[in-house]
There are 4 protein chains.
Amino acid sequence: MNTFGNIFRLTTFGESHGPAVGGVVDGMPAGIVIDMDFLQAELNRRRPGQSRLTTPRKESDTVELLSGVFEGKSTGCPIGFIVRNENQHSSDYDNLKDIFRPSHADYTYFYKYGIRDHRGGGRSSARETISRVVGGALAKMALRQLNIDIIAYTSQVGEIALEKNYQQYDFSEIEKNAVRCPDSQKSEEMAQKIEAVKAEGDTIGGVITCIIKGCPIGLGEPAFGKLHAALGAAMLSINAVKGFEYGGGFDCVKYRGSELNDIFYTNKEGNIRTHTNDSGGIQGGISNGEDIYFRVAFKPVATLLREQETVDTQGRPTIVKARGRHDACVLPRAVPIVEAMAAMTLLDAYLKNKTTRI
Amino acid sequence: MNTFGNIFRLTTFGESHGPAVGGVVDGMPAGIVIDMDFLQAELNRRRPGQSRLTTPRKESDTVELLSGVFEGKSTGCPIGFIVRNENQHSSDYDNLKDIFRPSHADYTYFYKYGIRDHRGGGRSSARETISRVVGGALAKMALRQLNIDIIAYTSQVGEIALEKNYQQYDFSEIEKNAVRCPDSQKSEEMAQKIEAVKAEGDTIGGVITCIIKGCPIGLGEPAFGKLHAALGAAMLSINAVKGFEYGGGFDCVKYRGSELNDIFYTNKEGNIRTHTNDSGGIQGGISNGEDIYFRVAFKPVATLLREQETVDTQGRPTIVKARGRHDACVLPRAVPIVEAMAAMTLLDAYLKNKTTRI
Amino acid sequence: MNTFGNIFRLTTFGESHGPAVGGVVDGMPAGIVIDMDFLQAELNRRRPGQSRLTTPRKESDTVELLSGVFEGKSTGCPIGFIVRNENQHSSDYDNLKDIFRPSHADYTYFYKYGIRDHRGGGRSSARETISRVVGGALAKMALRQLNIDIIAYTSQVGEIALEKNYQQYDFSEIEKNAVRCPDSQKSEEMAQKIEAVKAEGDTIGGVITCIIKGCPIGLGEPAFGKLHAALGAAMLSINAVKGFEYGGGFDCVKYRGSELNDIFYTNKEGNIRTHTNDSGGIQGGISNGEDIYFRVAFKPVATLLREQETVDTQGRPTIVKARGRHDACVLPRAVPIVEAMAAMTLLDAYLKNKTTRI
Amino acid sequence: MNTFGNIFRLTTFGESHGPAVGGVVDGMPAGIVIDMDFLQAELNRRRPGQSRLTTPRKESDTVELLSGVFEGKSTGCPIGFIVRNENQHSSDYDNLKDIFRPSHADYTYFYKYGIRDHRGGGRSSARETISRVVGGALAKMALRQLNIDIIAYTSQVGEIALEKNYQQYDFSEIEKNAVRCPDSQKSEEMAQKIEAVKAEGDTIGGVITCIIKGCPIGLGEPAFGKLHAALGAAMLSINAVKGFEYGGGFDCVKYRGSELNDIFYTNKEGNIRTHTNDSGGIQGGISNGEDIYFRVAFKPVATLLREQETVDTQGRPTIVKARGRHDACVLPRAVPIVEAMAAMTLLDAYLKNKTTRI
């Protein structure tokens, strides 16, 4: 299942060490201005080697759009795109050909398909997310015209967590530091933690928070198409994600209904609003016009630059130690991926909602 | 979007106060023994009025299968079914016709569709989950033949939480108490808490834990069809759910990769297994043969038997107070719903996996 | 695959001799006036026993809507419905339990599923089309508000064929005769032919022509969603259909491009039109505002009231002769089914087209 | 809608004069030997400039597979591919920028999307079918292992039609002539006809017949997934197709049920077979093990190398005359496209059928 979405749909392909990764965006609305600089800038936010914290692999990750754009605008036809793989050190993986790395997809892919491209994780590599960032950037170009904004940031690394609500941060700070955290002091703590963990050949996880501003009322569908269920599925499809919560989330458990309900009122402009927003901008699966916000938990990367016990494809015990260049913490690079998945989910829901009435 | 699943698909219909709720299961494998007693028993686990903790509404919730079964077995053709609504007190809702109840779907449905069946929440009522329990029971009948077991239980109510891992509980205890909790002492505490909250006209949420045993290796698809993403979407589509986590979940954030990786070994039978299971039985989105487990957070029910401020459809301030018979805590009745959604997700993934090779 | 459509979707269930047939319409636009008299009238057009030409089975085919309608309008939520089966003579089929009737689905269903409801053809019975007529009637209620009209008629029975183009007929004649043919003289010839064939225990096929008037420009999608491909798939899904052609159809083969191209001009109102319409109102898979028209070929019904050789489930030779009450020609009753499938296809395309731009 | 299929799915992209056409095959079974020579040979059968009858455009149409293949076998992961566009004479189309060519998609695309890539027909160009031939070739590689054979040929050009049944031809003759017709004498007549028409700047249509041999019993789904409905939708999605019929087709209308029914018998090997095969190998929408055969009608190409009246985007009358290099008859090059669509449909149905039982 390599297609995401229903009306706005992204289909991706590509392995870490094959000729290219890429995909097709089908259902892109016609007439949207295609901003190639923005598209490449989004990829650069995800690119390895962008800061002291990320893997030093050098890949330009230059995207080529192959269709669906004419004289600078989307035509409504599918947008095919590719990003050539470069600078692959496939030989770094020769020792892994017959080995199942712990907590990776090696074992399950091998068992499911009977064949496995072991180089760089093959299809299960996070390199597949390049295609998501492209799809997300295209979605953002449409959302921009609708004044819908999507902002994500790193809110926790290991035990270092932001303590304030998202409303209290200045989002323009996010891209100013390598961690993509709006709190400059916490950001520096997180960065030091990541470097310390990296020095030990170990890895660390964290939490990304995402906020959607300007979402119109009415997006999302009853029963199985609830907007938060679509967002959850989108987030859980990102590598290393272990949990998703929106609005009050798991914390809701601690409160009574009387404490948690969001009371409606009519504001000065005559719009119906809620005083609080534990609903997270979604009621009954449908957006209510308040900010949508959610949190995504990432486990520590499974690839360690230290020895681990494991077994080979024959089930024999062996030792594995990754060679090469790997992130000790994926969160800084995962921020644009979370945004991309959210953007595609929103645009898909927006388009679907247009079919509610004739 | 009232259809769930890809190969095994449930389509549901029905409002709380219409003539009936029901649905169609398409893609039910042929030749499965249809156990009508089991089907009704599953509905009874969800039914109101089953214990001191649940709403005293009396509804028999008797299901009628209308097709797809011949001489006691599934034929491979779609199974239509209905459950007639009974004992509706629609007049309990007359006062709500022009009022938006806080943290309900009243406002968003009205805005999205321009029309709203206000009686009992209409389509957004949890009565829709009857159809899910029917679909889930049918899926369980197929999974039973595959020796796949699905068990859910209430693991937290308010701040009262189970402290042990699921392995340490005797699942046969679950159905022995009204809370559906495997720890009889905690169960009693939870029950008392629910009753206390109810006495105040208030509500309370909690967490349901679900375990899938006997899942074969290989279920789930790369990229957007990851098994845990499908499970997450399924759970987040249940009314009142605010969060989902699987395996190590949000807790993973606290640990290093070296602490969290699940080390492979070969057991006496020659099978590859993992010593630990923070992966939650899923690696790279594909089941690895270990137990799958996850947790689902439910917020407190929004319907309070006490006064709340709100606005009417004209935006004018007013007071709302629910009449009628409502649950103070949905968790005991949500346990079979969680199981049902998990069962359908698993069977769908199982059938999809059959297409991996010719 | 018992679901039809993408945005407007009909899922059907039910066998000929089970408790009921029915279905769910999902994606019905909100706010459409639900005309129950029209709905039942459409079913009556399909009903057995309506004229001298159709099977004398008496079935009231009364539909019950179970959801999705509130105060006489669609709510945007799924519309579940059932039609109870009545007057089944299941014992008429006892002799067929272990026999494969020629050119029926008995053999293929048995082989595919390993189990078969032999009574009245089970799921392969044309009784399933009741659900299509319900779905089609609902779609027509929405199309009516869009001024899109769908008219079908019997244009050929055996070798008796209408000779003029559809423009030359008065469609108000169609429902005035039992054959549903707009030419009263041909209609009578057809009726006599059907009665003669029936008297011999034999059956006969024919052609239904369908015209869609008032279709807006722009419906249909490039590549695999072409409007005529969707119409073709819809028609070919009806029992006994063997062929589909639209616009110039198979006849196009005889002409040169220079003879067949539809030349554009601008009419007095300033609208771009074509002088001729061999394109059948669809160019590049997208409607161009001209009339859409197509033809559907129906083979003679396979059920004969005379003896035929065949084999039983063990492959042993035997003789089969249908008992009971059967149509000698399905075309009169298939006219509303063709319209229903066309209506659902059009509404689906209309809604999809709304997502072309933001 | 640029995706074809449900389990085996092809998504295509690309315009005639953009950088490339291509696509993604998702759902390719794992472990299939990928025969690159065969793949390119299939593309060569479709390629322009291959014979005296086709457009002299020179395009190498070299395909590059970008993913999903490892050590010569499919991995079960999506196969991305591109074919670079070459030798485009975009300036040949400068005069068409503001003109709607008769019976092309220019007008409908412009109206639907508000923007149109006018060069070479843009997305509506038959160049898109390159991607279908790639998808079809991959499907054929899997079908080959299942001993399912798909053969198509030109059976009619203008009024020159083959007179015998497909059983009476030697299929090895098909690829020996430029028309792809198994009757060498008729083939030469057809070729001369095409050349004569071409000399006049005109175009001509025809019929392609397709036969599927070795199809196992049981492929196809009840109701809306009938195998012939899927084949029909596939064929009707090919540019210039106006009609589809299978088995007895439109001709069935002339016969009685007693003449047309296919009588079952048991052959010497103990297999149930039918004496005749007017069912076309499909009963109740499900394959019965006999040969599947169908016919596809192609209209004459709309592009004429002679003057035609038309209007421009402002609705003003004008004259259009195509420049450049165009086919006078698409049938010879459409043969591999028909096969490709049939192959993908069959493999999709085969994989779907695997989910019928657990």
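Here the Cβ of each residue, glycine as well, is placed from N, Cα and C on the backbone.
These come from TrEMBL:
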BINDING   B:Arg46, B:Arg52  NADP(+) binding site
BINDING   B:Arg123, B:Ser124, B:Ser125, B:Asn239, B:Ala240, B:Gly284, B:Lys299, B:Pro300, B:Val301, B:Ala302, B:Thr303, B:Arg325  FMN binding site
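Among the binding-site residues B:Arg123, B:Ser125, B:Lys299, B:Val301, the ones whose Cβ sits under 8 Å from a Cβ of chain C are, in sequence order, B:Arg123. All protein chains shown were included, and the count of other CB atoms within 10 Å of the CB of B:Arg52 (NADP(+) binding site) stands at 10.
Chain A comes within the C-beta cut-off of under 8 angstroms for none of the binding-site residues B:Arg46, B:Arg52, B:Ala240. Ranked by Cα separation from B:Arg46 (NADP(+) binding site), the binding-site residues B:Arg123, B:Ser125, B:Lys299, B:Val301 are led by B:Ser125. Counted over all residue pairs in B:Arg123, B:Ser124, B:Ser125, B:Asn239, B:Ala240, B:Gly284, B:Lys299, B:Pro300, B:Val301, B:Ala302, B:Thr303, B:Arg325, the record's binders of FMN, the longest Cα to Cα distance measures 45 angstrom. For B:Lys299 (FMN binding site), the number of other Cβ atoms no farther than 10 Å from its own Cβ, over all displayed protein chains, is 29. DSSP assigns B:Arg46 (NADP(+) binding site) to a helix in the three-state reduction. Within 10 Å of the C-beta of B:Ser125 (FMN binding site) we count 21 further C-beta atoms, all protein chains included. For B:Arg123 (FMN binding site), the same-chain residues that are 6 or more apart in sequence and have a Cβ closer than 8 Å to its Cβ are B:Gly14, B:Glu15, B:Tyr109, B:Asp117. Long-range Cβ contacts of B:Thr303 (FMN binding site) within its own chain (separation 6+, distance under 8 Å): B:Arg101, B:His104, B:Thr203, B:Ala322, B:His326. Of all the binding-site residues given, namely B:Ala240, B:Val301, the one with the smallest number of surrounding CB atoms inside 10 A is B:Ala240. A simple way to gauge crowding: the CB of B:Arg46 (NADP(+) binding site) has 25 other CB atoms within 10 angstroms, across all the protein chains here.
The CA atom of B:Ala240 (FMN binding site) is located 21 Å away from the CA atom of B:Arg52 (NADP(+) binding site). For the pair B:Arg52 (NADP(+) binding site) and B:Lys299 (FMN binding site), the C-alpha distance works out to 21 angstrom. Classification of B:Arg123 (FMN binding site) by DSSP places it within a helix.
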